[in-house]
Structure formats: C-alpha cells, structure tokens
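Swiss-Prot lists 105-780 with the feature domain 'Myosin motor', giving sequence analysis as the kind of evidence. Here Swiss-Prot flags G199, E200, S201, G202, A203, G204, K205, T206 as ATP binding site. Sequence annotations record features per position, and here Swiss-Prot assigns region 'Actin-binding' to 671-681. Among the features that Swiss-Prot reports, region 'Tail' is placed at 810-1171.
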Amino acid sequence: MERKQTQMILGRRLAKDSPEVKHFQRKSSVVPFGRDGRAATNFTCWTADCPAVKADPTLVFAKCIVVGGSMDTQLELEQVDPPARGTFTVAPTDVFNANELIEPETVDDIGYLPHTNVACVLDVLKSRFLRSIIYTTAEPLLVAINPFKDLGNTTDAWISTYRNASKPEMLPPHVFKTARAALEDLEGYKKNQSIIVSGESGAGKTEATKQIMRFFASASSEVRTTIQDTIMAGNPILEAFGNAKTIRNNNSSRFGRFMMLDVSSHRGIQHGSISNFLLEKVRVVSQEANERSYHIFYQLLKGATSEMRAKYHLRSLKEYAYLNGKNGGCYDVPGIDDKADFEEVLQSLDAMQITGSKRHSVFSILSGLLLIGNVSIEGKDAQGVPDAAYISPQSEEILEEACQLLSVDDAALKKEILVKSTKVGPQVIEGVRTKDEAKTSVLSLSKNVYDKLFDWLVRQLNSLIDAPDGMPNFIGILDIFGFEVLEVNSLEQVLINITNEYLQKHFIDVVFDMETKLYQAEGVPTEALEYTDNLALVGALCGKNDSFFALLEDACLGIRSTDEGFCGTILRRLEPSGFFLESRRDKRLKFIIRHTIADIEYTCEGMLEKNKDFLRKEVMDVMKASTDPVTKALFEGIEIEAGKIGKGTLIASRFLKNLEEMIGIVAQTEAHFIRCLKPNEEKKPLGWNGSKVLNQLFSLSILEALQLRQVGYAYRRNFSEFCSHFRWLDLGLVNSDRDRKEVAQLLLEQSGIPESSWVIGKTMVFVKPDAAKELSILQREKLMCFQPLIAVLGPMWRKVLLRKKMARVIHFLTRLESNARRHLEPDSINISPEEREALLSGMERPRNPCVVVKKRVEPERAPPTKVLSLSRARLSLSKELPRNYAASNEALDVDDTMSVDTDAFLRLKMKRSPNENYLRQTALARLKERRPSHVCMEEAYHVWRSVELLFREPLSDKRLQNICTVIRNDMDQHYGFFWQVIINRTPNFGMAATHIHGSLHVVEQEGMYRDGRQFLFHLIMYKTRKPRKEEIRLHERAAEKTYGICRKRDFSGIVRVMNSKVPPYMQKDVSYLIGMLFQRYQYTRDWTNFATCIQSYLIGRYSEPFGGAWNVVAQEGAFFLSRLWTKHSRFLRVEIDFPALAEQASSEPCPGCPTPVLTVVCFEACAPDRP
C-alpha cells in the first residue's frame, strides 16, 4: 500500500519499494469488525484521507470514529478532531489505530503506547508540545522539541533536582536526565560514554549541547574549575566562528563537533578535547538571500573600538563584497546583539589565553580575508589568451592592504593569483591565468584560510584543556546534522548523510544490544530477534573498491573526468548493488541513493570541483612565508606536491578518514541519543506543522527506532498492565485475587493463541505483533456482545442520575418558582406598546423608552391578587429571551458615566428611612428562612438598608461596580476591615456551593435596568481576617498534602482561565490544582471540601505577610452575563467542563442555555488603606 501522505514525503515522490514506505505499508492494526462481520461503531482511528487534511495538509492526520454502515471493504467515518459534519468512506487499509483513554502528558515513553503508528506518535508529541512538555522518550532516544521560548526548565534549580534525585528513573525525560545517566554509567561501569545530539538546523542541537555541558559543570564550588571554565568559555568562540544566520535558524551551527570530556560528579569537567569537521567554508565568500556569513565578522565590525577600526583597516558592513550576498547583505538578526556578543568573545579569548599578539593576528586575518574579497579581477587579451586575468590599480591597493594584514608578500601573492607556472622537464614555463581561474584561486584562498583559522582556534583550546596523561574514561558529545534533504543535494549532503548512515548502523547495534539484555534479564529466548542493519549500504558508499567514495576519488585524480562521466560511472558500476538508482528527472547528471530513511536524489554538477577544493601549493607557500606566527602556523604540517593532487588530499578522502576515526571512538562507548525536532519554520512558540515534524521523524530515525522495537516480541507489558489492557477477555478472572502473573498466563492460554507467539518473563509478558492483534480482535468481540445490554442499561442509568439531580435541586426550583410568581405579578410593570413591540420583534429599541413603573406597596406581605403559572412563565421566557438576547445586551450599559457618590450616600444613610420597620422585618425574616447568613442581626439590617437605598434608581453595569465599592467601604468603616462583595445577576448563584472562611451573608435583591427590564441579582458579603502564624503552618502542611496527590498530571488543557490577576506561574499552578481536585470531587459534588482544599493550598503557599485570607467560591454553572467585582490585588476565575452535568443534560437544551460547567473563583482579601 502506498499511502497518499507519503507520496511527497521529504519533498519528492516515493518509489513503491522505498525503505520509508514500510512504516506505512505495515498491516493496519485497526480491527473494527468481529468474526461475524459486524462493525464496532464508535471505534476511534486516524486517517489522512479526510476533509480536514485535504483543507490543511499540515495536519497530516485527523481523528475519526467508525459509524454505522461500515463494511469490511470500506469504513464509514465521522471526523471528530478537528470536528466536522457529515460522514465519508475510507478503505480499511487507509486508517490507523488511535490510542484511547491515554493522557499524553503521562506518556513519557512513546514506545509503550498501545499503538505506535506514525499518527499516534505525531498526536502524542503534539499534545505534549502544546502543554510545554518538550521532552519525550522513545528508548533509547530522547526526543526534544524546540519550544522557541524559555520554559524555565534549565535553571540551576532544575539541574539540582536532576543531580540530587534519589530515584532519577522516576523523573520525567530531560537532557539533564540523559546527562546524569551517562555520568552514572561512566562512574559505575568505568566505561566510556557518548551522547549523540542530532537534528536539522534550528532544532535546538546547540542549546541541548550547552545544557549538557552546564549539567556536567555544575560541580561543587570548592573545587578548582580553571579547565572547566576554559571549556565553557570556548563555546562563545566556537559559536562566533562556526555559527551563522540561515533562513531556518538565526544561530545555526555550520560545523560538526565531537567533544571528549573527562567528567566527575564531584569535580565537574576536568579535561577535554574537541574535534571539528565539515565546516561550511563556502559561507565565508557567499550567502543566500536573508542569510549571513559567520557571526564573528559582524561582531568585529559592530563591536570594534575606533582604535581597533583604524588598526585593522575596518570598513562598514556594506563595503565588503563577501558580506553582501546575491540580494544584498543581511546585517541584523532579531534576538542577536552583535556588540554584546563581541564583548563576550573578548572575554572568552582571555579565558583561552589568546591575548596580545595572538589576538592581534586573529583580528588581522579576519580583516584581511574581508579585504581580499574586494579585490576585483578583470579580463583582457594578453599572450594569446582572450580572457587573461589582471587586477586594476585600485584593486591592487586593496590587495596590498590585505596582504599587509595577513603579513604576506603582496607581489608574490599577486603573481600566484595571476600567473600559471608549468614545469616541462628542467624548465618552468609561465603563462597567464584566465579570469575565472584567478577568481577561483582568490575564493579558495579565502575559504581555506578561514577554515585553517577555525582549526587553529580549536587547537588552542585543546592545548589548554587536554589531559597531560590522557583521559582514562570520557564522555563524548557529538553535535551533528541529521539526514539532510534539500531541493538540490550535492557533495556536502552526501558527506552529512554518509555520517548519519554510520551513526544509524551504530544505533541499530545499540538497540539490538539493549533488546538482547532485556530478553536475557527476563529469561526470554533471543532467537526471535532478527535485525537487518545497513552494513551493505555503508559498504556501497565507503568501501575500498567499487564504492561511491572510491569512484569519486578516481574521477578527481583522472585527467579528463567530467561530472557527466562520473554520474554514468556511478550508475554503471554501483546500480547492481541495489542502493543506487537512475534519476527520473535527469539521468545525465543526477542519481539516487537509497538511504535508510528515504531515497535521496543528488546532482553530480560541480561535485568533482568541490571535492578538489584545496589551496594550490604555490599559494600555500606564500602563506607559510608570512611573518606573522599565527598566519604561518595555519598551514604547518600540510605538504602538497606542486601541480598534482595526491590521494588523501581530497575533501571526501580527508573527511572519510576523520569520520572513521570518530566512529571508531564512538563505537567503543556506551551511546545515548538525543533527537532534536523543529516544530515549525516560523520559529513561533506553540506553532506546530505536522508535515514538517513527520519529515524529521523519518530523517532522525525516530520511527525507525520504534520499528526496531517491533521486532521479535514487540508487545511487552508488566503483568498488571497486561491484565488491565485485556481485562474484557475474562473479567471475572481479572477481578479475582489471584496473582497477576498467573492471571496473565491464563488469559493467554484461554485465548487459543499458539504458545510460540508469547512468553511469560520474570516481570513482563512478551507477545509477538500478530498475536497481540489477535488478542485485540478477541477482546473487541467480547465487548460487542455487551451492546444489547448497554442499550437497555444506558437509559435506566440516565434515569437514576436524573432523579438524583432533581432531588438535589428541588429546593432551588421551589425558590425559583416563588421568585417567578413574584416577578410575573400582573400590572407590576407597564411598558409602552412601542417598546413591547420592539422587544418582541427583535428590532432596535427607542433610545428613551417610555417606562412607567408603578410604586410597589409593601403591606404585611399581602399575597398577590393573581399569580401566573410556572409553565406559562417558562413558556413566555423561552419565547422572548432568545429573540431579545442580542437587543437586550445593548441596554446593559446605557449610562456608563453614572456613578455613586460615597459621601452623599453616607449622608443619606444617616437619615431614617421611611421603610425602617419593613427593612428590619425583612432582615429578620431572611435570617429565619435558613438563608446562608452568619452575620448578626445588626449587620444584616445594615446590609439591607444599604441595598435598599442604593437600588432606588434604575441601574447600569457601571453603577453595579460602584455599588460594590460603596457597600464595601461602608461595612469596612462600621464593622472592621476585610469585607468582600460579589454581585452576580444570574439566578444560578442561588445554586452555588460556597466556602468562605469567615462571616457570610447572601442578599437577594430586585433591580431594574434603565430600559425598564427587571432582574434578580445576588450579593454576597463576608468578613474575614488575616490568618494567624499557627494557622499558616497548618495550611502549609495541608497544602503539601493536597498538592502531593498527583504531581505528574497536567490539567492546563481542561481548566479554562477566564480572568486572572496573578502571575503566570501561579495561574498554571493553581489551575493544575483545581483540575486535579475536580477529578476527585466531580462525582460526589462535595464542593465545600473541594473549596476547602483549594483554600488551604492557597493560604499555605501564596499568602503574603500583608495579605489577607484567600477565599474560594465554587458554583455549578457559568457566571453568565455577570459582573463579578471584588476589591483585591490577586484574583483567578476558571471554568471546568462538567461531564456529569453534560451527561444528565437534555439532548435538546433550551436556546441560550450555557454549557454545563463548574466555575471556581479564588481571590485574596487585602486590607484597604484607611481613609
């Protein structure tokens, strides 16, 4: 099966038999049918052949469910994530299993997922990434996703946590965990270790390497750390001279690096050695659009003092040809301060003891290279050559200035650039070079001088950090590209990809060794392990005879070799190996290599010249004759015969020699792997491009790692997990008290699966893939037998839940009916006919509606003369509310400028109210009605009198806010500080379960908006105090107990923050706690204890010396159309979807009804300033 999403993977169409298609050609484990052919509806799966992926290919896959009408030849699917209407048909071979009831944040190792197909891997990585969990394990790999922001997870405190943990295996994945594992293995087994960090440009390899070194360097401050400081100081130098801004990464490493460190857990980094390879030399002389050359050039030109500028003949950035690419130069980079970085480089040079004359030589060489690029070489007719090279007088001055900086003879260098010497017998015949030959010579000089300068800096660093007597044991860190696939691939990509093939072979050996040790530890036979490595491919690429490298070297040593002839030779000699194919686009100059991860097309155009890119002996002799010690030392020990190319001097040959030496070292170590992923090209935090990540899963062999774990007994779980996974095979057996190992064995024996397909180990069950699939089929058949029973029990259970719900809310419904009767008294409010017609028709209301309110007479609570039935009230509301909702909202804040004058209110309050007796009777009646009131009679009367005075006039939202302020200040002055006021306009607040630490009073009050609409609102007032010291200690212990229930889960995706006036870290922390406790109390609905736990945690963890008590209000329902106002400095309101309410809700809710949620409000009562 050739899947659609793989046809353009990695930028080209796949052959049907390409290696990477095996990840998609695996038989789908989706088994939505029983043996009788019945489809299992609501079965979850992934597919790429769906509307969402067609609209947005970056999604790659969408989650769907199987619906009725599915057959064994095609599945009827409904898309659920992202949601879409309608159904569509897909072939069963075009779907993947989905992992159900799996919380991605709890899955540290994706290898232990029930399904590890590519869709499930993408889903888990995406879910964790969006929750800022960037590290995931795919043993033996650590997958690290670049977050493009600081998550605060690499601080010294994090290092301390991972260094000092007594059980590091219980910690979540992290580069620090990998570094600690390498360090413990080094000291425990006395065996050399290596950490291989790979990924594409911008994936975070450099940052991961720096964090590993920080972990190793975090030793006791009492130990001398001179060498360690030197190694750490070398990082800015290597970055300045080896990193550059590319289109894909602002700080891209353009070289490979292998560091060997002598590390101790107590003394830090003691010695080290650094090897560099594959420096991108061409970047010195040219860059693509929106890219830069190496950072050091820009740092020098921006950060140099006026004295340095004069000393090194520095010009502006725009005046250098080498720094202005094809479409102009790119001088500035967001997030990079070249001046500040130059100061850091100077400090690092001091630490590396590159001072005085050495530092002068380095800067002189850099300036000289830039000036040589400004030398203009022209062509003219001379000595019978129509395009003979010559240098204009103006450029000769520039060349002379550059040679002065390089401390070489300008006349000798000019001659070697322009004059060609040919030795014929004893005579030397001189002739002119062409314009192109001279330009090539200058470019080659610039590239090689910079390359040798970089090598010299590495040697200087090594001379300071090398162990005098060698390192007995070391940890190696390899920082290198993953497989690289570009639009046009040439020699550079061949070298990078061959390196990765060597590393892939080593990786396969490591996985095989790891699996073998696991089988032996569990007592499982290892005969089932059958691995296929890439040894034959490595031989076809790098073998001594009839290999790519051998043919490349022969072609470069040949006299009349051409790129086209070299391409033909490759196909003629190597195509029989099965790893080299003809290109479908250009058979003359292109060929395809069948790499481990994909078929990659290369071009031979210019490949021979690139391989021969070396400095001619004559030019090298000029550089060796330099009077500057550093310039002279750049080419020491390099001998080339004049006019000839010798074996071992070619780029590929030298690279292969260094590569084999490095791989030989790595092969002798115990390897740890870190794969860095780049989630998007725009470098946006939380940006996810599924197709880009999928490419990297292939290029970094992450899917290959998971595929290798499917060999042999691919399904392996401990006994408890196995029994839980397949419990429906025999529920009674699983629920018994028998030993889990015995239960697991009985389940397998009863299934009828051949014993050759499974093994019971010491602590785990090992099952082959086909047998695991058969178990899934059997379990699904068992579950399908329950469908008729579920169809009967489902409605019965919903009926029971509905009755329980009604029993809990019947009291509130009675109160609601009473309030409805009171508000629906006939003739209590008269609205003009024009206004009523506008409200009913949904038209715009008049700006000044004529509203006549009859004054309500309050006798001794006389019963109303006529009461509308509750059914009529509901019918009226259900018709009018949805129709007038939008229009009514416009009148909420008719007069935002209306305010309440506190002083005027207090003066008015001193007067005796005409309804004084009524207010006292009302307060007394409320206290006797079992209202949630715990204030004294005097306070209750005070509250009701204040409310009655303030609500005499029509209201607006602005006025409600001011009323809160006035009531709070009034209560503070009369009854002490720490009073809080909350106003909510919805009747749902009558159903609220509140927990307040202090005196509480709830007021129901009628109000009328300025447009004539009446409403019922609730006002909660309560008085609290600062907690005492002994209470805070009790709360601290309660907070630790509360927070320690479940530390590893993350509820940031469940808990929605609606309003917040707390720091982000506190918002995340408290949201997590609320989500965790909600999982515990959602079925009991004991919101008082729920609120108590939250309050204890807040007081114990976040109370400040001058703050008050934290208060918590929990309410079933949203604060819909409400104005919640409190006077405090720290405040958090969240909403949580309430599945229990959702299940009990009607299938056809009334229009305008909110989604069932639980609202939690947390705020701190702070003492206001005294007037």
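Just so you know, glycine gets a Cβ as well, placed from its N, Cα and C.
Neighbour counts of Cβ atoms within 10 Å were compared for the binding-site residues S201, T206, and the top value is held by T206. Residue counts of the region 'Actin-binding' (671-681) by helix, strand and coil are 0 helix, 7 strand, 4 coil (DSSP-based). Using the Cβ center of G199, E200, S201, G202, A203, G204, K205, T206 for ATP, the list of other same-chain residues with Cβ within 8 Å runs, in sequence order, N146, N249, S252, S253, C676, K678.
Across the region 'Actin-binding' (671-681), the prediction's mean pLDDT works out to 91.
Shown are the binding-site residues G199, G202, G204; the one with the most C-beta atoms within 10 angstroms of its own C-beta is G199.
Neighbour density for E200 (ATP binding site): within 10 A of its CB lie 22 other CB atoms from the protein chains shown.
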